[in-house]
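Down below is the structure, laid out as structure tokens.
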Amino acid sequence: MIKPLTSLRFIFAFMVFMSHSILFEKSQNPFLYHCFYEGYAGVSFFFVLSGFILAYTYQERFVKNDISKRTFYTYRLARIYPLHILTLLIWVYMRKDHPLNAPYITNLLSNISLTQSFYPTDEIRFNAAAWSLSDEMFFYLLFPFILKWLTGSPRKLYIAFISASILLIALCPIFGGMKDEEWFFYAFPPVRLLDFILGIFLYNLCRAIKPDYLKRRYIATFAEVSAIMVFLLFYTAAYFIPQVYRHSLWYWIPIGLIISVFYFQSGYISKILANKQFVWLGEISFAFYMFHGIVLWYVKRAYFLLGISAPKLSVFILGIIITIIISAVSFKYFEIPANRWIKQKLNK
């Protein structure tokens, strides 16, 4: 485990939470609205980090044939699927009054199969946060083949990545503002695959460089502070950047710096992030991400049933506290046992 990166998972999951809590209206203060509604950065972090961590964990094992594709797929399925199904069932119950029409059944089946991000829809999405799992499952399926390409013909993979990135940049001003812009540039798995591959490249770059100067605590701390400042600069400057770029591309540089610098775990900020309380928050961050929409819905519903106009700050604070509690319980008593059970059953 790379403890600082694990801790950062919660910070970026919290950014997604902020974007869905809508603490500020755009008409009140457009800049504050932007700062609280820029969940794109959080999702980009998770996709890039996913490629980075999977390469860190499995690349050498695949190269040495110490792990099979079946075992890898089993591990990844055990990691995300149990909680996905649990939260999906909760959302089905929450929407129990929805008519059982064709769009409902289609979207339910696509959610179960984690294929919902492959097509745009204005119909019911159930647990909306699960769209990113559809992308992740696509990444997992391709990961062994990407590694084979990387180790066999790295130059061709680099050229393909650069070419696809240039094409994506060129498409942004052409298709920005179209009806399904957000789906295509933000959710469509083949497009977001670039974030994942970037993470794999970053890991291999960090492994190849191994800068000795980062072993010095004060230099490493300066690098960590600099990476954070660069991220904050990009994050605030995004206010002036068209949304079509912010879905993914805009955050590649700052997120790449954050992940690369904290991978070395050498500075004082890394030492703080390695604290067990922060690491614990990082460990429950997946549950936090998956449950936060459900919790916010029920908190608002409770205020409605009490006949009280829900204060946004109250919903925000209650949402954080309740989501953390539920996530902690889910992680210990559901995720870990379910993970073990699936690995045991499917690896026989």
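Cβ from N, Cα, C; glycine included.
Straight from TrEMBL, the features:
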{"type": "TRANSMEM", "residues": "7-24", "note": "transmembrane segment"}
{"type": "DOMAIN", "residues": "7-329", "note": "domain 'Acyltransferase 3'"}
{"type": "TRANSMEM", "residues": "36-56", "note": "transmembrane segment"}
{"type": "TRANSMEM", "residues": "77-94", "note": "transmembrane segment"}
{"type": "TRANSMEM", "residues": "128-150", "note": "transmembrane segment"}
{"type": "TRANSMEM", "residues": "157-177", "note": "transmembrane segment"}
{"type": "TRANSMEM", "residues": "183-206", "note": "transmembrane segment"}
{"type": "TRANSMEM", "residues": "218-242", "note": "transmembrane segment"}
{"type": "TRANSMEM", "residues": "248-266", "note": "transmembrane segment"}
{"type": "TRANSMEM", "residues": "278-298", "note": "transmembrane segment"}
{"type": "TRANSMEM", "residues": "313-334", "note": "transmembrane segment"}
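Beyond the ends of the transmembrane segment (157-177), by six or more residues, the same chain brings 146, 149-150, 184-185, 191, 194, 197-198, 201, 242-245, 248-249 to within a C-beta distance below 8 angstroms of the stretch.
With a cut-off of 8 Å between Cβ atoms, the residues of this chain six or more beyond the transmembrane segment (77-94) that come close are 108, 111-112, 114, 126-127, 129-130, 133, 136-137, 286-287, 290-291, 294, 297, 330, 334-335, 338-340, 342-343, 346. At the 8 Å Cβ threshold, with sequence separation of at least 6, the transmembrane segment (183-206) comes into contact with the transmembrane segment (248-266) through 3 or more pairs. Within the chain, the transmembrane segment (36-56) has long-range Cβ neighbours (under 8 A, six or more residues past its boundaries) at 2, 5, 8-9, 12-16, 18-24, 26, 132, 135-136, 139-140, 143, 147, 186, 192, 195-204, 231, 235, 238, 246-248, 250-252, 255-256, 258-259, 263. Counting Cβ pairs under 8 Å to the transmembrane segment (248-266), the top-ranked stretch among 7-24, 128-150, 218-242, 278-298 is 218-242.
Tallying C-beta pairs under 8 angstroms between the transmembrane segment (7-24) and each of 128-150, 218-242, 313-334 places 313-334 first.
Only residues 6 or more beyond the boundaries of the transmembrane segment (313-334), in the same chain, are considered here, and those with a CB under 8 A from a CB of the stretch are 14, 17, 21, 23, 82-83, 86, 281, 283-288, 291-292, 295-296, 299-300, 303. Listed as Cβ neighbours of the transmembrane segment (128-150) (distance under 8 Å, sequence separation of 6 or more from its ends, same chain) are residues 16, 43, 46-47, 50-51, 54-55, 58-59, 62-63, 69, 72-73, 76, 80, 84, 87-88, 111, 114-118, 156-157, 187, 189-190, 192-193, 196-197, 200, 204, 289-290, 292-293. Computed over the domain 'Acyltransferase 3' (7-329), the whole-number mean pLDDT of the model equals 91.
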